[in-house]
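Asker: Would you mind keeping the following structure in view while I ask a few things?
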Amino acid sequence: MSVKLLERILRAGEGRTLKRLRNIAHTVNAIEDEYKGCTDGELRTFAFDLKVRHQNGESLDSILPEAFAMVREASSRTLGLRHFDVQIMGGAALHMGYIAEMFTGEGKTLVATLPAFLNSLSGNGVHIVTVNDYLAGYHSQQMGRVYKVLGLETGVILADQDPSTRAQQYRADITYGTNNEFGFDYLRDNMAWSCAERVQRGHNFVILDEVDSILIDEARTPLIISGSSSGEVSRWFVEFAGIARALTAGEDYDVDERKHTVGVLEPGIAKVEDLLGISNLYESVNTPLISFLNNSIKAKELFKRDRDYVVLDGEVMIVDEHTGRILSGRRYNEGLHQAIEAKEGVEIKAENQTLATVTLQNYFRLYKKISGMTGTAVTEASEFMSTYKLPVVSIPTNKPNIRKDHPDVVYKNEQIKFENLADHVRECYTRGQPVLIGTTSVEKSEYVSKLLSKRGVRHEVLNAKNHAKEARIVAEAGRLRAVTVATNMAGRGTDIILGGNPEVLTAVELRRKGLDPSKDPERYEQAWSSAFPKLHRRTREEAEKVIEAGGLMVIGTERHESRRIDNQLRGRSGRQGDPGESRFYLSLTDDLMRKFNPGAASALAARVPDDTAIESKLVSRAIRSAQAQVESLNAETRKNVLKYDDVLNRQRAAIYTDRSRILEGGDIADRVQAFLSDAIEEIINSHAVTAWDFDALWADLKTIYPVGISIEELTDEAGGMGRITPDFVMREILSDAKFAYEKRESEIGPESMRDLERKVVLSVIDRCWRDHLYEMEYLKEGIGLRAMAQRDPLVEYQKEGFDMFEAMMGRIREESIGYLFNIDAQVSSNSPSDARNRPIEHDDNAV
């Protein structure tokens, strides 16, 4: 089925869905007055009654109107914000498992309180995923005030919390956090050595804020927990960084920016061999050098400082391409990060081995119910449905959108583009109109900043180097004469309100005074009641002046690879029916045109003077064509990632379920004895041929347990060598093994035996799984070559992956038994490696 046909089918029922959502809003409106005269205590009692009714069998759907009316009243009392009807509709859509498309400024944060409260009544917890730690903390504090009136506890998961704090936060009715924190906790829980070490309590209902950013943009990025691997940092990284500098693009190697790959040419190979003093780079003994060479060229050509990463305090730190934020603790894998460190001349840190991994796609599929919100989902509706079984519904705006979206202005080269952009910003600044400028990298944001400073335009810069000021900068971005230069503003997740954001400004002011709603809620509420009205009044007065100046002007400096990201940037302006404008300033040398439509760009460049702006349908078509190519390519990649990861996901589910049973079950003696029987059976079957080689059989058996019966005793028991059958051998050896097991148990005591069994099996599972992850990654890297032999790589990956998994399970059985009989019985109460020590978290960008 084509994507366009699927989109038409998905949109066909939207009218019926909206009608149903409107009816729900009308029902809530009809009963909301019942709660206006209640005291806070009475409201809490009503909320508790709803919980009891649900536990007694009443469905959440039937109590939805009452629950939503209570939340609306609680919000009005604490925040001074009453949910609009469209917000009630959005909340109902989330409860029903939809992705609610709600434009920027429609109050998505407040919308989430409705389904969060309703679904928390089950007692199984609700997770709300935000785009960063700051918003997780801020939303949990502000929305937590609403939940508190209703008798609920609110938690938040932050990067610097210890395990006991995290466990406490997960026990709350509603827990806020980022996708990374939730995902890494899931992985760490499945590396725990006792139930007490685990922090999560299941996956019931999750609400994803900026759902497209999480499930689409970051879908290809797996969460990886790594530990240090053996071996020292190789001098080859430094050596090859120098070699890469000596090579020339186009002459010694090719670069494909679209596919993010490099290929070394014959002249380049000859140069490398000469520089290394070797005769053949591709001899088997030199195979490891090829990886060093490829990574050093990638680091040189495909990974740019202040775009893909920054160097802070002598450390290479990855910049999130979607949000512009630093991904603290993340590293590229397979030697690429070390190659970049060598290129930059900073300390080269050791490579790490994967201990646990999961993609965001498969992590969020663990939840019984999933929903999400975003300003731009309809363009990806077919992918949401096919991948996650999530329908999309577009919620109407509370007020009509009156923003003016001006045609793109295109220049021949980048320098002229930025000069004209800066002149335009100065005009807006002079008349008091606030401006938001979206750039694609730290480097570009700093270049624009220099041009504005030359023109005397006061401004703020928001990029990966100063993200700590983010809340204040965004809160003031809609004020009179405010100019804000931001990298990838699309993912910032905070409203830009004309005149300033009174809620955020109030929170910043109270925090500056040392007030914390979680530590002293009563004092905080009193201070809020005093500070908020003043700031609200001041910002509204200033908003009137901003409206007269034309509202917020949004300027894009490049078209993104996805139309959705462009729309998100535009959507920062014109919230809640406010006036506003948007315009993109482009050049024919921008990355999008250069990579994906170079022919059209070259043809136009040849006909246009340097200082002339282009506004033509041809340019628009070329841009749309380039974006369509990239969107199609990225969607296919995500689809492919999921197909391959589904193989590993089934294996991961089996291992983690098995591991969890061991943690929770306590006594695994029967399981261990089954391991012993299976291992013995496999060994005997491998030797059961026409002529028995008992010496070889006994040698193999002794690797798993101390054999107590001799070959002579076995022969005598059978009544002669000719009467020995496989069944007889099996019976005698199993009897002997059972005796050895009982002897081992009597030597160390039953309690120590149970403890030893549990720790040995967990240790072997973890080590074998770690090795299996490495082998599966190695298999996936080379599986594409099977297509040359007319074989489907995915089918081959599934088949060989299954065989490797079965082999791993066999190793787990044999090694567990071997260790059980041979390891020192004095078992430490601590695990060999504490899974709760902060891991190294990787960004696998599939390069």
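Backbone N, Cα and C atoms are what each Cβ position is placed from, and that goes for glycine too.
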Asker: Quick test of your reading of Swiss-Prot: among 568-587, 828-847, where does it put region 'Disordered'?
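Answerer: Of 568-587, 828-847, Swiss-Prot gives region 'Disordered' for 828-847.
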Asker: Among all chains shown, work out which of the binding-site residues Glu106, Asp495 has the most CB atoms within 10 A of its CB.
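Answerer: Buried the deepest by this measure is Glu106.
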Asker: List nothing but the one residue from Gly105, Gly107 whose Cβ has the fewest other Cβ atoms within 10 Å; the candidates are the binding-site residues.
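Answerer: Fewest other Cβ atoms within 10 Å, among the binding-site residues Gly105, Gly107, is found for Gly107.
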Asker: Looking at Cβ-Cβ distances, which residues of the chain lie under 8 angstroms from Lys108 (ATP binding site) while being 6 or more apart from it?
Answerer: Gly90, Ala100, Met102, Asp209, Met373
Asker: Let me know the largest Cα to Cα distance in Å among the ATP-binding residues Gln87, Gly105, Glu106, Gly107, Lys108, Thr109, Asp495, as an integer.
Answerer: 16
Asker: Enumerate the residues of the same chain, Gln87, Gly105, Glu106, Gly107, Lys108, Thr109, Asp495 excluded, that satisfy the criterion Cβ within 8 A of the mean position of the Cβ atoms of the recorded ATP site; list them in sequence order.
Answerer: Met102, Thr104, Leu110, Val111
Asker: These are the binding-site residues: Gln87, Thr109. Which one scores highest on other Cβ atoms within 10 Å?
Answerer: Gln87
